[in-house]
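Heads up, the thing below is written out as structure tokens.
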Amino acid sequence: MSRPTGLEVRSLTVTYGSGPKAVTPLHDLDLDVPRGQFLCVLGPSGQGKSTLLRCLAGLLAPTAGTITALGEPVTGPSATRGMVFQQDAIPGWLRVADNVALGPRNRRLPESQWRPRVDHFVEAVGLRGRERAWPRELSGGMRKRVAVAAVFANDPDILLMDEPFASLDHLTRQGLHRTLLTLWQETGKTIVFVTHDVDEALALADRVVVIAGGGVRADAVVPFPRPRTDDLRMDATANALRTNLLHHLGV
Amino acid sequence: MRTTPSLRIAAILWGAAGFAGLWALWELAAFGVANDAVLPGPRVVLWQFERHAGGDRGLEFLGVEHSSYGINLAWTVGTAGLGWLIGSALGVAAGLGAARRQWLRDVTEPVLFVFGAVPVLVVAPLLLVWLGAGPVGKLTLVTFYCFVVVAVVAQSAALNLPPAVEEYAATLGLDAAARFRAVVLPAALPAIVAVLRLALATGISLQAGAELLGPRVGMGRLISLRAQQGNVGEVLSLSITLGLVAVLLDTAVRAAVAPALRWQG
């Protein structure tokens, strides 16, 4: 039996500008993301990956088409769809623990409801002992950990991640992959993860879609068991899948 | 970066050395000029302060209501402070409001653009002639100045917030009011505090400057009379006292907002 749908995208079109200078990164795009799936979205630069994610988050209204999240139409941002951004977006004026509590505290949820979650996710991302640190006192990787903890602590149903680890070095990125996968397996959230790195997609995803030319150019299941290690680079099936995805990326 | 106690002591000692150096240069210059009517030394200025800070009946014969430093300081700083409070409060509200609401920005931007570009010293005589040299004219001048500079900076500080930060807060479920409270206001605060400090210092200068035009009270009036008498030592004593009070007020503002700006390091 198939899993219930977390996200449904139908005939999504986004056009920036008008007239001869109009640009349409997404045209008539359809996509279903089952609940609990870890989907990676690959694509060349400027082909609409981030545009798709912003539409899913409700930060950008599509020119045409519909998006539903857990059966509800997406009309704007919501706590049910958390997002981790590529650039540093955590407020610099909040200490680590306050940053992780930013969502639930300002949504005026009872502290008894969110405090244990905040403590748990601070611990889970490896920031125990740094709760009172300011973001400026943290490395780039640690700031990403704060953002990941903050989104999980807000308990959304769907996580949208826009190349969140792109600016980090390989080792830091691998550490964050492990953390993210642990949290995903623990919570069972639906994750849509945008990246331009095929290896990152193969390391993380249940499924990979390639977006180019306005629509979904390839859609592939990633069949490898977890935990996936660097040995995946030696695996013939994985290499065939990598080659296929790179082909669709135009590499 | 935290400063250790030894670094703090070193900073205080360097600051004290700067003051001592300035004092020595002033003494040296006064010794070279050798004319108290042109450049009195620091000891002459101190002597004038000791002699006249409590009051000078002679000035009261010249139409000054109260000649003591205290009452005139309270008048000058009190009027400027009131104008600063009103103008800054209105400026913060208008600037942040304009940053959040396009229609309000459309209304305020031309006004702020025009008056923000005109040096307030150009507008000052016009306002004083129009409203008179009494307390209302001066209060209006300081209020108007503080409103314009604070509104311009508050608006620009709120607009300069990286969009991703507010979008991130929106995807955490914060509504517009919560985003304003938790994101926009703290992000704009450092720039707002900086302009509030500038507005306070300039507001006191404007008030004292406007008092040169001839009211019966205020530090500007005392400075004007002493200048007419050729008492440069007393002019310096009054000016330095006013400057020191402005520095004290600035220190108080900095101390009051320090906890909210601790994140900047």
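Backbone N, Cα and C atoms are what each Cβ position is placed from, and that goes for glycine too.
TrEMBL has this to say about the protein:
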TRANSMEM  B:7-26  transmembrane segment
TRANSMEM  B:73-99  transmembrane segment
DOMAIN    B:73-253  domain 'ABC transmembrane type-1'
TRANSMEM  B:111-133  transmembrane segment
TRANSMEM  B:139-161  transmembrane segment
TRANSMEM  B:182-206  transmembrane segment
TRANSMEM  B:235-257  transmembrane segment
Chain residues in Cβ proximity to the transmembrane segment (B:235-257) (below 8 Å; excluding those fewer than six residues from its ends, i.e. six or more beyond): 40, 45-46, 48-49, 52-53, 69, 73, 76-77, 81, 189, 193, 196-197, 200-201, 204, 208, 219, 222-223, 226-227
Chain residues in Cβ proximity to the transmembrane segment (B:139-161) (below 8 Å; excluding those fewer than six residues from its ends, i.e. six or more beyond): 79-80, 82-84, 86-88, 90-92, 94-96, 98-100, 105, 108, 112, 115-116, 120, 123-124, 127-128, 131, 183-184, 187-188, 190-192, 194-196, 198-199, 202-203, 206-207, 210
Same-chain residue ranges lying at least 6 outside the transmembrane segment (B:182-206) that approach it to Cβ under 8 Å: 76-77, 80-81, 83-84, 87-88, 91-92, 96, 99-100, 120, 124, 138, 141-142, 145-146, 149-150, 153-154, 156-158, 161, 165-166, 169, 174, 242, 245-246, 249-250, 253-254, 257, 260-261, 264
Beyond the flanks of the transmembrane segment (B:73-99) by 6 or more, those residues with Cβ under 8 Å of it: 105, 107-109, 135, 138-159, 180, 184-185, 188, 192, 196, 199-200, 203-204, 206-208, 211, 217-220, 241-242, 245-246, 249
